[in-house]
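These come from TrEMBL:
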TRANSMEM  21-45  transmembrane segment
DOMAIN    23-473  domain 'Major facilitator superfamily (MFS) profile'
TRANSMEM  160-185  transmembrane segment
TRANSMEM  218-236  transmembrane segment
TRANSMEM  248-268  transmembrane segment
TRANSMEM  289-308  transmembrane segment
TRANSMEM  328-349  transmembrane segment
TRANSMEM  356-376  transmembrane segment
TRANSMEM  382-407  transmembrane segment
TRANSMEM  419-441  transmembrane segment
TRANSMEM  447-468  transmembrane segment
Amino acid sequence: MNALRQFNLLKWLREERQSRKLILFIVFVALLLDNMLLTVVVPIIPSYLYTLDESTDVLKNNTAPKQDSPASFQSIVSLYDNTVRLSGFNTTARTTDLLPLTPTGTQLPPNSTDCPRSTNKLINENVKVGMLFASKATVQLITNPFVGPITNRIGYQLPIFAGFCIMFISTIMFAFSSSYALLFVARSLQGVGSSCSSVAGMGMLASVYTDDEERGHAIGIALGGLALGVLVGPPFGSVMYEFVGKTAPFLILAFLALFDGALQLFILQPTKVTPESQKGTPLLTLMKDPYIIIAAGAICFGNMAIGMMEPTVPIWMMETMCARKWQLGVAFLPASISYLIGTNIFGTFAHKMGRWLCALIGMVVVGISVICVPFARDIYGLILPNFGVGFAIGMVDSSMMPIMGYLVDLRHVSVYGSVYAIADVAFCLGFAIGPSIGGSIAESIGFPWLMTIIGIVDIIFAPLCIFLRNPPGQEEKIAILMDTNCSMKTRSYSTQGAYYQGEDMDPEYDDYD
(Lines of atoms letter the chains of each structure in order from A and count residues from 1; the text may use other names and numbers.)
(Lines give C-alpha, C1' and ligand atoms only; values in the text may rest on other atoms or scores of the structure.)
Protein backbone atom coordinates (compact mmCIF):
# COMPACT_ATOMS: atom_id res chain seq x y z
CA MET A 1 0.00 0.00 0.00
CA ASN A 2 2.82 2.37 0.84
CA ALA A 3 4.56 1.53 -2.41
CA LEU A 4 1.35 2.36 -4.31
CA ARG A 5 1.05 5.72 -2.57
CA GLN A 6 4.65 6.53 -3.36
CA PHE A 7 4.10 5.61 -7.00
CA ASN A 8 1.09 7.89 -7.20
CA LEU A 9 3.08 10.76 -5.73
CA LEU A 10 5.88 10.24 -8.23
CA LYS A 11 3.36 10.06 -11.06
CA TRP A 12 1.78 13.30 -9.95
CA LEU A 13 5.17 14.98 -9.74
CA ARG A 14 6.00 13.85 -13.28
CA GLU A 15 2.73 15.23 -14.60
CA GLU A 16 3.15 18.52 -12.76
CA ARG A 17 6.86 18.90 -13.53
CA GLN A 18 6.33 22.07 -15.57
CA SER A 19 3.89 23.60 -13.10
CA ARG A 20 4.82 27.11 -12.06
CA LYS A 21 3.71 26.36 -8.51
CA LEU A 22 6.27 23.58 -8.13
CA ILE A 23 9.00 25.78 -9.55
CA LEU A 24 8.01 28.48 -7.07
CA PHE A 25 8.13 25.93 -4.24
CA ILE A 26 11.64 24.79 -5.24
CA VAL A 27 12.92 28.37 -5.30
CA PHE A 28 11.19 29.00 -1.96
CA VAL A 29 12.94 26.02 -0.32
CA ALA A 30 16.32 26.93 -1.87
CA LEU A 31 16.15 30.48 -0.50
CA LEU A 32 14.91 29.17 2.86
CA LEU A 33 17.91 26.87 3.36
CA ASP A 34 20.37 29.43 2.03
CA ASN A 35 19.24 32.06 4.50
CA MET A 36 18.91 29.64 7.40
CA LEU A 37 22.59 28.83 6.94
CA LEU A 38 23.28 32.54 6.50
CA THR A 39 21.70 33.53 9.82
CA VAL A 40 22.11 30.43 11.99
CA VAL A 41 25.73 31.45 12.54
CA VAL A 42 24.83 34.96 13.74
CA PRO A 43 24.42 34.02 17.44
CA ILE A 44 26.93 31.16 17.30
CA ILE A 45 30.07 32.68 15.78
CA PRO A 46 30.67 35.68 18.13
CA SER A 47 30.30 33.55 21.27
CA TYR A 48 32.17 30.58 19.78
CA LEU A 49 35.16 32.66 18.63
CA TYR A 50 35.29 34.44 22.00
CA THR A 51 35.30 31.06 23.74
CA LEU A 52 38.08 29.81 21.44
CA ASP A 53 40.22 32.88 22.12
CA GLU A 54 39.66 32.65 25.86
CA SER A 55 40.54 28.95 25.88
CA THR A 56 43.67 29.63 23.86
CA ASP A 57 44.81 32.36 26.25
CA VAL A 58 44.20 30.17 29.29
CA LEU A 59 46.17 27.35 27.71
CA LYS A 60 49.06 29.69 26.93
CA ASN A 61 49.10 31.02 30.48
CA ASN A 62 49.11 27.54 31.94
CA THR A 63 51.88 26.22 29.70
CA ALA A 64 54.11 29.34 29.78
CA PRO A 65 57.58 28.91 31.43
CA LYS A 66 57.65 30.15 34.99
CA GLN A 67 60.71 32.36 34.44
CA ASP A 68 59.00 34.24 31.59
CA SER A 69 56.10 35.43 33.75
CA PRO A 70 55.93 39.21 34.35
CA ALA A 71 56.93 40.58 37.74
CA SER A 72 53.40 41.79 38.46
CA PHE A 73 52.11 38.28 37.93
CA GLN A 74 54.72 36.84 40.27
CA SER A 75 53.71 39.28 42.98
CA ILE A 76 50.07 38.18 42.85
CA VAL A 77 50.34 34.44 42.27
CA SER A 78 53.11 32.52 44.00
CA LEU A 79 54.79 29.49 42.52
CA TYR A 80 52.89 27.28 44.95
CA ASP A 81 49.52 28.77 43.96
CA ASN A 82 50.38 28.44 40.30
CA THR A 83 51.18 24.76 40.78
CA VAL A 84 47.86 24.19 42.52
CA ARG A 85 46.06 26.06 39.74
CA LEU A 86 47.55 23.87 37.06
CA SER A 87 46.47 20.77 38.90
CA GLY A 88 42.81 21.71 38.42
CA PHE A 89 41.78 24.00 41.35
CA ASN A 90 40.95 27.70 41.56
CA THR A 91 43.49 30.17 42.95
CA THR A 92 43.00 32.94 45.47
CA ALA A 93 44.19 35.66 43.11
CA ARG A 94 42.01 38.78 43.03
CA THR A 95 43.27 40.67 40.00
CA THR A 96 40.81 41.39 37.19
CA ASP A 97 43.44 40.57 34.61
CA LEU A 98 43.52 36.91 35.59
CA LEU A 99 40.91 34.51 34.29
CA PRO A 100 39.43 32.16 36.89
CA LEU A 101 39.55 28.58 35.76
CA THR A 102 37.06 25.79 36.08
CA PRO A 103 38.05 22.37 37.46
CA THR A 104 38.98 21.27 33.98
CA GLY A 105 41.90 23.65 34.00
CA THR A 106 41.68 24.87 30.41
CA GLN A 107 38.01 25.14 29.51
CA LEU A 108 35.50 27.92 30.05
CA PRO A 109 32.21 27.46 31.84
CA PRO A 110 29.73 25.79 29.50
CA ASN A 111 26.97 28.30 30.31
CA SER A 112 28.35 31.84 30.25
CA THR A 113 25.58 33.76 31.99
CA ASP A 114 27.83 36.51 33.39
CA CYS A 115 29.34 39.46 31.60
CA PRO A 116 32.45 38.67 29.53
CA ARG A 117 35.65 38.76 31.54
CA SER A 118 37.57 40.97 29.12
CA THR A 119 35.66 43.86 27.55
CA ASN A 120 38.61 44.94 25.40
CA LYS A 121 38.99 41.46 23.97
CA LEU A 122 35.26 41.35 23.26
CA ILE A 123 35.39 44.66 21.39
CA ASN A 124 38.32 43.33 19.34
CA GLU A 125 36.10 40.44 18.23
CA ASN A 126 34.09 42.94 16.13
CA VAL A 127 36.65 42.92 13.33
CA LYS A 128 37.14 39.13 13.23
CA VAL A 129 33.42 38.43 13.30
CA GLY A 130 32.71 41.17 10.76
CA MET A 131 35.30 39.83 8.31
CA LEU A 132 33.97 36.29 8.70
CA PHE A 133 30.39 37.36 8.05
CA ALA A 134 31.42 39.57 5.13
CA SER A 135 33.40 36.80 3.40
CA LYS A 136 30.24 35.06 2.15
CA ALA A 137 28.82 38.22 0.62
CA THR A 138 32.18 39.23 -0.84
CA VAL A 139 32.65 35.90 -2.64
CA GLN A 140 29.03 35.99 -3.77
CA LEU A 141 29.62 39.51 -5.06
CA ILE A 142 32.53 38.29 -7.18
CA THR A 143 30.66 35.20 -8.43
CA ASN A 144 27.38 36.86 -9.45
CA PRO A 145 28.61 38.59 -12.64
CA PHE A 146 29.67 35.17 -13.96
CA VAL A 147 26.55 33.25 -12.90
CA GLY A 148 24.11 35.67 -14.58
CA PRO A 149 25.45 35.27 -18.16
CA ILE A 150 25.94 31.52 -17.59
CA THR A 151 22.21 31.12 -16.86
CA ASN A 152 21.44 32.87 -20.14
CA ARG A 153 23.51 30.26 -21.99
CA ILE A 154 22.70 26.97 -20.22
CA GLY A 155 19.42 27.74 -18.45
CA TYR A 156 18.52 27.99 -14.79
CA GLN A 157 18.22 24.31 -13.79
CA LEU A 158 21.91 23.37 -13.72
CA PRO A 159 23.16 26.45 -11.81
CA ILE A 160 20.52 26.14 -9.08
CA PHE A 161 21.41 22.46 -8.57
CA ALA A 162 25.12 23.30 -8.48
CA GLY A 163 24.26 25.83 -5.80
CA PHE A 164 22.65 23.10 -3.71
CA CYS A 165 25.74 20.88 -3.95
CA ILE A 166 28.07 23.68 -2.87
CA MET A 167 25.77 24.72 -0.02
CA PHE A 168 25.70 21.14 1.28
CA ILE A 169 29.50 20.98 1.41
CA SER A 170 29.63 24.35 3.17
CA THR A 171 27.10 23.21 5.79
CA ILE A 172 29.12 20.09 6.60
CA MET A 173 32.27 22.22 6.94
CA PHE A 174 30.50 24.54 9.39
CA ALA A 175 29.45 21.55 11.48
CA PHE A 176 32.96 20.17 12.00
CA SER A 177 35.22 23.24 11.74
CA SER A 178 36.96 24.18 14.97
CA SER A 179 39.22 27.02 13.85
CA TYR A 180 38.70 30.52 12.49
CA ALA A 181 40.40 29.64 9.18
CA LEU A 182 38.10 26.69 8.43
CA LEU A 183 35.02 28.69 9.40
CA PHE A 184 36.18 31.44 7.04
CA VAL A 185 36.55 28.94 4.18
CA ALA A 186 33.11 27.45 4.87
CA ARG A 187 31.50 30.90 4.91
CA SER A 188 33.24 31.88 1.66
CA LEU A 189 32.21 28.64 -0.04
CA GLN A 190 28.63 29.36 0.94
CA GLY A 191 28.85 32.55 -1.12
CA VAL A 192 29.43 30.57 -4.33
CA GLY A 193 26.47 28.28 -3.69
CA SER A 194 24.23 31.15 -2.68
CA SER A 195 25.07 33.02 -5.87
CA CYS A 196 24.02 30.08 -8.02
CA SER A 197 20.80 29.48 -6.08
CA SER A 198 19.57 33.07 -5.81
CA VAL A 199 20.41 34.29 -9.32
CA ALA A 200 19.09 31.18 -11.06
CA GLY A 201 16.05 30.99 -8.78
CA MET A 202 14.92 34.58 -9.31
CA GLY A 203 15.61 34.40 -13.02
CA MET A 204 13.58 31.22 -13.29
CA LEU A 205 10.61 32.84 -11.55
CA ALA A 206 10.80 35.94 -13.75
CA SER A 207 10.82 33.77 -16.89
CA VAL A 208 7.75 31.68 -15.95
CA TYR A 209 5.72 34.55 -14.44
CA THR A 210 5.53 37.01 -17.33
CA ASP A 211 2.70 39.19 -15.98
CA ASP A 212 4.10 42.01 -13.84
CA GLU A 213 1.50 41.70 -11.05
CA GLU A 214 1.79 37.88 -10.91
CA ARG A 215 5.57 38.16 -10.95
CA GLY A 216 5.50 40.53 -7.99
CA HIS A 217 3.26 38.13 -6.08
CA ALA A 218 5.48 35.11 -6.91
CA ILE A 219 8.70 36.92 -5.97
CA GLY A 220 7.02 38.04 -2.76
CA ILE A 221 6.31 34.38 -1.92
CA ALA A 222 9.88 33.39 -2.79
CA LEU A 223 11.21 36.19 -0.60
CA GLY A 224 8.97 34.72 2.08
CA GLY A 225 11.29 31.70 1.98
CA LEU A 226 14.23 34.05 2.45
CA ALA A 227 12.36 35.74 5.30
CA LEU A 228 11.47 32.42 6.92
CA GLY A 229 15.12 31.39 6.81
CA VAL A 230 16.11 34.68 8.41
CA LEU A 231 13.31 34.20 10.94
CA VAL A 232 14.18 30.65 11.98
CA GLY A 233 17.97 30.87 11.70
CA PRO A 234 19.09 32.99 14.68
CA PRO A 235 16.79 31.54 17.38
CA PHE A 236 17.29 28.02 16.04
CA GLY A 237 21.07 28.45 16.07
CA SER A 238 21.24 30.06 19.51
CA VAL A 239 18.99 27.51 21.24
CA MET A 240 20.70 24.51 19.61
CA TYR A 241 24.16 25.95 20.35
CA GLU A 242 23.47 26.48 24.06
CA PHE A 243 21.59 23.26 24.79
CA VAL A 244 22.96 20.77 22.22
CA GLY A 245 26.20 22.09 20.73
CA LYS A 246 27.68 23.80 17.68
CA THR A 247 27.50 20.79 15.35
CA ALA A 248 23.80 19.95 15.74
CA PRO A 249 22.15 22.89 13.88
CA PHE A 250 24.40 22.45 10.84
CA LEU A 251 23.75 18.71 10.60
CA ILE A 252 19.99 19.36 10.64
CA LEU A 253 20.41 21.92 7.86
CA ALA A 254 22.49 19.44 5.85
CA PHE A 255 19.67 16.89 6.12
CA LEU A 256 17.11 19.45 4.89
CA ALA A 257 19.45 20.39 2.04
CA LEU A 258 19.46 16.76 0.87
CA PHE A 259 15.66 16.92 0.59
CA ASP A 260 15.89 20.09 -1.51
CA GLY A 261 18.53 18.51 -3.75
CA ALA A 262 16.39 15.40 -4.35
CA LEU A 263 13.43 17.63 -5.24
CA GLN A 264 15.50 19.64 -7.70
CA LEU A 265 16.98 16.50 -9.26
CA PHE A 266 13.54 15.01 -9.90
CA ILE A 267 11.57 18.12 -10.91
CA LEU A 268 14.08 20.35 -12.69
CA GLN A 269 16.21 17.61 -14.29
CA PRO A 270 19.42 19.67 -14.02
CA THR A 271 21.28 17.39 -16.44
CA LYS A 272 19.50 19.10 -19.35
CA VAL A 273 20.89 22.31 -20.84
CA THR A 274 18.08 24.69 -21.83
CA PRO A 275 19.46 28.04 -23.02
CA GLU A 276 17.27 31.11 -23.48
CA SER A 277 15.58 31.47 -26.87
CA GLN A 278 16.89 35.02 -27.32
CA LYS A 279 20.15 36.74 -26.48
CA GLY A 280 19.91 38.86 -23.36
CA THR A 281 21.11 42.40 -22.87
CA PRO A 282 24.83 42.51 -21.92
CA LEU A 283 25.55 42.84 -18.22
CA LEU A 284 27.51 46.08 -18.64
CA THR A 285 24.61 47.68 -20.52
CA LEU A 286 22.25 46.83 -17.69
CA MET A 287 24.71 48.20 -15.14
CA LYS A 288 24.70 51.55 -16.97
CA ASP A 289 20.92 51.86 -16.75
CA PRO A 290 20.29 54.57 -14.11
CA TYR A 291 16.91 53.14 -13.10
CA ILE A 292 18.37 49.70 -12.48
CA ILE A 293 21.17 51.35 -10.47
CA ILE A 294 18.63 53.17 -8.25
CA ALA A 295 16.67 49.96 -7.63
CA ALA A 296 19.88 48.09 -6.87
CA GLY A 297 21.02 50.89 -4.57
CA ALA A 298 17.82 50.65 -2.53
CA ILE A 299 18.37 46.90 -2.11
CA CYS A 300 22.02 47.48 -1.15
CA PHE A 301 21.61 50.24 1.43
CA GLY A 302 18.46 48.74 2.91
CA ASN A 303 20.15 45.41 3.58
CA MET A 304 23.41 47.06 4.62
CA ALA A 305 21.66 48.12 7.83
CA ILE A 306 20.90 44.55 8.92
CA GLY A 307 24.31 43.51 7.57
CA MET A 308 25.96 45.89 10.04
CA MET A 309 23.70 44.80 12.87
CA GLU A 310 24.32 41.04 12.57
CA PRO A 311 27.96 40.97 13.75
CA THR A 312 27.83 44.00 16.06
CA VAL A 313 24.52 43.67 17.95
CA PRO A 314 25.42 40.33 19.63
CA ILE A 315 28.78 41.73 20.79
CA TRP A 316 27.11 44.96 21.96
CA MET A 317 24.53 42.88 23.88
CA MET A 318 27.27 40.79 25.52
CA GLU A 319 29.09 43.97 26.51
CA THR A 320 26.16 46.08 27.79
CA MET A 321 23.45 43.56 28.74
CA CYS A 322 25.46 40.51 29.83
CA ALA A 323 23.24 38.55 27.40
CA ARG A 324 23.10 34.77 27.43
CA LYS A 325 23.83 32.74 24.28
CA TRP A 326 20.20 32.07 23.42
CA GLN A 327 19.33 35.77 23.75
CA LEU A 328 21.87 36.69 21.05
CA GLY A 329 19.74 34.97 18.42
CA VAL A 330 16.31 35.68 19.89
CA ALA A 331 17.08 39.42 19.70
CA PHE A 332 16.74 39.20 15.90
CA LEU A 333 13.39 37.42 16.10
CA PRO A 334 11.25 40.61 15.80
CA ALA A 335 13.16 41.66 12.67
CA SER A 336 12.74 38.22 11.12
CA ILE A 337 9.00 38.03 11.86
CA SER A 338 8.36 41.52 10.53
CA TYR A 339 10.41 40.83 7.39
CA LEU A 340 8.25 37.78 6.71
CA ILE A 341 5.12 39.89 7.21
CA GLY A 342 6.43 42.73 5.07
CA THR A 343 7.42 40.62 2.08
CA ASN A 344 4.08 38.80 2.02
CA ILE A 345 2.00 41.97 2.37
CA PHE A 346 3.89 44.19 -0.05
CA GLY A 347 4.64 41.47 -2.61
CA THR A 348 1.10 42.13 -3.87
CA PHE A 349 0.21 45.50 -2.31
CA ALA A 350 3.31 47.31 -3.63
CA HIS A 351 2.04 46.89 -7.20
CA LYS A 352 -1.15 48.75 -6.28
CA MET A 353 0.34 51.56 -4.17
CA GLY A 354 3.38 52.03 -6.38
CA ARG A 355 6.62 50.17 -5.86
CA TRP A 356 8.63 53.38 -5.82
CA LEU A 357 6.56 54.74 -2.93
CA CYS A 358 6.80 51.45 -1.05
CA ALA A 359 10.60 51.50 -1.35
CA LEU A 360 10.83 55.18 -0.37
CA ILE A 361 8.81 54.66 2.82
CA GLY A 362 10.75 51.49 3.59
CA MET A 363 14.14 53.23 3.36
CA VAL A 364 13.03 56.02 5.70
CA VAL A 365 11.64 53.55 8.26
CA VAL A 366 14.87 51.48 8.09
CA GLY A 367 16.92 54.59 8.85
CA ILE A 368 14.77 55.70 11.80
CA SER A 369 14.57 52.19 13.29
CA VAL A 370 18.32 51.60 13.08
CA ILE A 371 19.07 54.89 14.82
CA CYS A 372 16.79 53.82 17.69
CA VAL A 373 18.58 50.47 18.30
CA PRO A 374 21.37 51.75 20.62
CA PHE A 375 18.79 53.32 22.96
CA ALA A 376 17.66 49.86 24.11
CA ARG A 377 18.71 49.02 27.66
CA ASP A 378 17.71 45.34 27.62
CA ILE A 379 16.58 42.69 25.17
CA TYR A 380 12.96 43.87 25.43
CA GLY A 381 13.97 47.34 24.32
CA LEU A 382 15.22 45.86 21.04
CA ILE A 383 11.81 44.51 20.05
CA LEU A 384 10.31 47.65 18.50
CA PRO A 385 13.36 48.96 16.56
CA ASN A 386 14.24 45.49 15.27
CA PHE A 387 10.63 44.96 14.21
CA GLY A 388 10.75 48.24 12.30
CA VAL A 389 14.04 47.32 10.59
CA GLY A 390 12.74 43.94 9.40
CA PHE A 391 9.36 45.24 8.23
CA ALA A 392 10.92 48.13 6.30
CA ILE A 393 13.54 45.94 4.60
CA GLY A 394 10.68 43.62 3.62
CA MET A 395 9.00 46.60 1.96
CA VAL A 396 12.16 47.47 0.04
CA ASP A 397 12.99 43.93 -1.13
CA SER A 398 9.44 42.98 -2.14
CA SER A 399 9.10 46.13 -4.24
CA MET A 400 12.58 46.39 -5.78
CA MET A 401 13.07 42.73 -6.74
CA PRO A 402 10.00 42.66 -9.07
CA ILE A 403 10.83 46.10 -10.46
CA MET A 404 14.19 44.79 -11.66
CA GLY A 405 12.40 42.32 -13.93
CA TYR A 406 9.91 45.00 -14.97
CA LEU A 407 12.71 47.39 -15.97
CA VAL A 408 14.25 44.71 -18.18
CA ASP A 409 10.87 44.07 -19.82
CA LEU A 410 10.34 47.79 -20.30
CA ARG A 411 13.78 48.93 -21.44
CA HIS A 412 15.78 45.86 -22.53
CA VAL A 413 15.49 42.25 -23.76
CA SER A 414 13.30 40.07 -21.51
CA VAL A 415 16.07 37.72 -20.33
CA TYR A 416 16.47 37.90 -16.59
CA GLY A 417 19.66 36.12 -15.51
CA SER A 418 21.89 39.19 -15.72
CA VAL A 419 19.50 41.66 -14.10
CA TYR A 420 18.95 39.39 -11.11
CA ALA A 421 22.69 38.92 -10.91
CA ILE A 422 22.84 42.71 -10.48
CA ALA A 423 20.10 42.54 -7.84
CA ASP A 424 22.00 39.84 -5.99
CA VAL A 425 25.22 41.84 -6.30
CA ALA A 426 23.43 44.76 -4.63
CA PHE A 427 22.13 42.46 -1.90
CA CYS A 428 25.59 40.99 -1.34
CA LEU A 429 27.27 44.39 -1.43
CA GLY A 430 25.16 45.38 1.56
CA PHE A 431 26.11 42.22 3.42
CA ALA A 432 29.79 42.53 2.41
CA ILE A 433 30.35 46.20 3.23
CA GLY A 434 28.04 46.10 6.24
CA PRO A 435 29.82 43.52 8.42
CA SER A 436 33.38 44.30 7.29
CA ILE A 437 33.19 48.08 7.72
CA GLY A 438 30.61 47.93 10.50
CA GLY A 439 32.86 45.89 12.77
CA SER A 440 35.76 48.33 12.33
CA ILE A 441 33.56 51.39 12.88
CA ALA A 442 32.02 49.86 16.00
CA GLU A 443 35.50 49.17 17.37
CA SER A 444 36.82 52.67 16.66
CA ILE A 445 33.93 55.06 17.39
CA GLY A 446 31.35 52.84 19.06
CA PHE A 447 28.19 50.94 18.21
CA PRO A 448 25.76 53.90 18.65
CA TRP A 449 27.59 56.01 16.07
CA LEU A 450 27.64 53.09 13.66
CA MET A 451 23.84 52.80 13.80
CA THR A 452 23.47 56.57 13.41
CA ILE A 453 25.64 56.67 10.29
CA ILE A 454 23.86 53.87 8.41
CA GLY A 455 20.46 55.27 9.45
CA ILE A 456 21.26 58.69 8.00
CA VAL A 457 22.58 57.10 4.78
CA ASP A 458 19.30 55.20 4.28
CA ILE A 459 17.19 58.32 4.87
CA ILE A 460 19.28 60.38 2.43
CA PHE A 461 19.02 57.69 -0.29
CA ALA A 462 15.22 57.32 0.03
CA PRO A 463 14.17 60.28 -2.23
CA LEU A 464 15.98 58.72 -5.20
CA CYS A 465 13.20 56.11 -5.37
CA ILE A 466 10.93 58.85 -6.79
CA PHE A 467 12.71 58.40 -10.15
CA LEU A 468 11.26 54.86 -10.35
CA ARG A 469 7.70 56.23 -10.35
CA ASN A 470 7.36 56.27 -14.14
CA PRO A 471 10.56 55.06 -15.85
CA PRO A 472 10.69 55.62 -19.63
CA GLY A 473 10.77 52.62 -21.95
CA GLN A 474 10.76 51.66 -25.60
CA GLU A 475 7.36 52.27 -27.20
CA GLU A 476 7.09 48.82 -28.70
CA LYS A 477 8.04 47.24 -25.36
CA ILE A 478 5.37 49.27 -23.57
CA ALA A 479 2.76 48.09 -26.08
CA ILE A 480 3.82 44.46 -25.65
CA LEU A 481 3.65 44.73 -21.87
CA MET A 482 0.18 46.27 -22.00
CA ASP A 483 -1.09 43.55 -24.35
CA THR A 484 0.46 40.82 -22.19
CA ASN A 485 -1.03 42.16 -18.97
CA CYS A 486 -4.47 42.59 -20.54
CA SER A 487 -4.47 39.09 -22.01
CA MET A 488 -3.33 37.55 -18.72
CA LYS A 489 -6.06 39.35 -16.80
CA THR A 490 -8.71 38.45 -19.40
CA ARG A 491 -7.68 34.81 -19.23
CA SER A 492 -7.81 34.95 -15.42
CA TYR A 493 -11.30 36.46 -15.45
CA SER A 494 -12.58 33.94 -18.00
CA THR A 495 -11.13 31.09 -15.94
CA GLN A 496 -12.87 32.34 -12.81
CA GLY A 497 -16.18 32.75 -14.68
CA ALA A 498 -16.03 29.22 -16.05
CA TYR A 499 -15.28 27.92 -12.58
CA TYR A 500 -18.34 29.55 -11.09
CA GLN A 501 -20.51 28.25 -13.96
CA GLY A 502 -19.32 24.70 -13.26
CA GLU A 503 -17.82 24.19 -16.71
CA ASP A 504 -15.02 21.69 -17.30
CA MET A 505 -11.69 23.38 -17.62
CA ASP A 506 -8.65 22.34 -19.58
CA PRO A 507 -6.18 20.90 -17.03
CA GLU A 508 -3.37 22.88 -18.67
CA TYR A 509 -4.84 26.05 -17.16
CA ASP A 510 -3.65 24.87 -13.77
CA ASP A 511 -0.20 26.11 -14.68
CA TYR A 512 -1.45 29.66 -15.21
CA ASP A 513 -3.65 30.12 -12.15
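Just so you know, glycine gets a Cβ as well, placed from its N, Cα and C.
Where the annotation comes from TrEMBL, it is an automatic prediction and has not been curated.
By the Cβ criterion (under 8 Å, sequence separation of 6 or more), the transmembrane segment (248-268) is not in contact with the transmembrane segment (289-308), since fewer than 3 such pairs are found. With a cut-off of 8 Å between Cβ atoms, the residues of this chain six or more beyond the transmembrane segment (447-468) that come close are 290-291, 294-295, 297-298, 301-302, 304-305, 308-309, 312-313, 316, 355-357, 359-360, 363-364, 366-371, 373-374, 403, 434, 438, 441.
When Cβ distances are compared across the two stretches, the transmembrane segment (160-185) makes contact with the transmembrane segment (21-45), since 3 or more pairs at least 6 residues apart fall below 8 angstroms. Contact counts against the transmembrane segment (419-441), taken as Cβ pairs under 8 Å, peak for 289-308 among the stretches 21-45, 289-308, 382-407.
Taken together, the residues in the domain 'Major facilitator superfamily (MFS) profile' (23-473) have a mean pLDDT of 81 on the 0 to 100 scale.
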